[in-house]
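K.L.:
Checked Swiss-Prot, it gives:
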type: BINDING; residues: Gly169, Asp170, Arg171, Gln172, Thr173, Gly174, Lys175, Thr176; note: ATP binding site
type: SITE; residues: Ser373; note: site 'Required for activity'
Amino acid sequence: MQLNPSEISDLIKAKIQNLAEGAEVRTKGTVISVTDGIVRIHGLADVMQGEMLEFPGNTFGLAMNLERDSVGAVVLGEYEHISEGDEVKCTGRILEVPVGPELVGRVVNALGQPIDGKGPINAQKSSPIEKIAPGVIARKSVSQPMQTGLKSIDSMVPVGRGQRELIIGDRQTGKTAVALDAIINQKGNGVICIYVAVGQKASSIANVVRKLEEHGAMGHTIIVAATASEAAALQFIAPYSGCAMGEYFRDIGEDALIVYDDLSKQAVAYRQISLLLRRPPGREAYPGDVFYLHSRLLERAARINEEEVEKLTGGAVKGKTGSLTALPIIETQAGDVSAFVPTNVISITDGQIFLETDLFNAGIRPAINAGISVSRVGGAAQTKVIKKLGGGIRLALAQYRELAAFAQFASDLDEATRKQLAHGEVVTELMKQKQFSTLSTAEMALTLWAVNKGSYEDVPVKKALAFEAEFLANVRANHADVLQAVNASGDLSADNEKVLAKAMESFKAGYSFN
């Protein structure tokens, strides 16, 4: 094709006229030093606290210390390729992670990137990891139950949707097991679960994923993993990333449950970053703002009202409340709940489930200490039938523990004390539950009803759990309609109670305790 000179000049003129002029204005700085993932930068006069910075090699960092003549930043990931003299650019953005239903069923890192080998996640939306928690006016009181499927928790320390309930205990006391049971129990309830693993071994996280897949719970779960081998910065931001993913569901009028496993390791990662940034250390060498680290995270778990959901969705969702329930986990050292981080988180949350090593080793699992475990707001959210039948459980256990201590010294006990001890022993036995064997509201109510009616008084303590399991199987087979009615209404009617009394009578008559 021949072009004459005048056509060439016309083409060039047209190109020049249509050129999109857009000079990029970005503040640049220079790396002064790199040590342990902390970068000191000269320049960047306009940088903001928490702003994302771009390093060479498509690496990003967070500006954390804004000083007179330098900026202290933490690198998100590998930093070996960054060296003195490298150029750093401000991005003008704060850190965002992908959010939405596309993440459900996937395992992602602290930045929301998939690490499960199942291909990319094509999320339509992203959200900043740091957000201000809903205000008082936007909230609604906690009044709907978040069933864990564990008898001891749902009867003594109930959790409501939008609550923050701390799970606290030494290592190897079953903290993660309680949280996983709560996640598995949400199957079919329409609750999206987020499990945030901070500072754990990659093998432990792989085991959690396998267990959730086995029990069909990965279909409603997102896993955010920041393993022990990853940078402290990623362990520090992982809970905030998980929270942003949960907030998406809360803000569209759905219910979500988030487990932070565990916040002790996040505090340690934050302490490491702060000390490397040369921030002044305080108690236990933690920085002064370690309380704020957890309070700004846990305050984002809330139940928001219909008006707020309508406002956040632009009127697309009407008449629905949304909730984000948090189960933070804290690991104690030798049962010391008065240490710095445990006391902080206890004061932030709406109650705690305290797990004890002695109970765990004695075979009482979940190893819940009924005396100091409380739920400050969950009582209002408890299912009617469980509230009615489970009221005496905590009292029976507390009295049993007290009397058992005295009974060691006293040889001759009166009849009333002996009865109380026997009752407490049976209740303690019945509160035991194997992992991954969660119960529905009706099945739980059945056990509590039988305890209240004194049906276990002539059952040997060692046989109580076997008797309970067989009676449940019998009712499931012959009176499934009663269980369905209790699950649907959340209450036990007088007629259904008569049916259960007859069922118990006939079952006991044909039951052999040998």
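Each residue, glycine too, has its Cβ placed from N, Cα and C.
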K.L.:
Which one of these recorded positions, Gln172, Thr173, Thr176, Ser373, has the sparsest Cβ neighbourhood, judged by other Cβ atoms within 10 angstroms?
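P.N.:
Checked Gln172, Thr173, Thr176, Ser373; of these recorded positions, fewest Cβ neighbours within 10 Å: Gln172.
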K.L.:
Write out, in the order they occur in the sequence, the residues of the chain not among Gly169, Asp170, Arg171, Gln172, Thr173, Gly174, Lys175, Thr176 that have a C-beta within 8 Å of the mean position of the C-beta atoms of the recorded ATP site.
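P.N.:
So the extra residues in range turn out to be Glu331, Leu355, Thr357, Phe360.
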K.L.:
What is the number of other Cβ atoms found within 10 Å of the Cβ of Arg171 (ATP binding site)?
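P.N.:
Around Arg171 (ATP binding site), other Cβ atoms within 10 Å: 11.
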K.L.:
Expressed to the nearest Å, what is the distance separating Gln172 (ATP binding site) and Ser373 (site 'Required for activity') at their Cα atoms?
P.N.:
18
K.L.:
Counting only other Cβ atoms and using a 10 Å cut-off, which of the binding-site residues Gly169, Gly174 scores lowest?
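P.N.:
Each of the binding-site residues Gly169, Gly174 was scored; lowest Cβ tally within 10 Å is Gly174.
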K.L.:
Where does Thr176 (ATP binding site) sit by DSSP, helix, strand or coil?
P.N.:
helix
K.L.:
Relative to the Cβ of Lys175 (ATP binding site), which residues of the same chain, six or more apart in sequence, are found under 8 Å away?
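P.N.:
In sequence order, the residues whose Cβ lies under 8 Å from that of Lys175 (ATP binding site) (at least 6 apart) are Ile167, Ile168, Gly169, Asp261, Asp262, Ile329, Glu331, Leu355.
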K.L.:
Between Thr176 (ATP binding site) and Ser373 (site 'Required for activity'), find the distance joining the two CA atoms and give it rounded to the nearest Å.
P.N.:
17
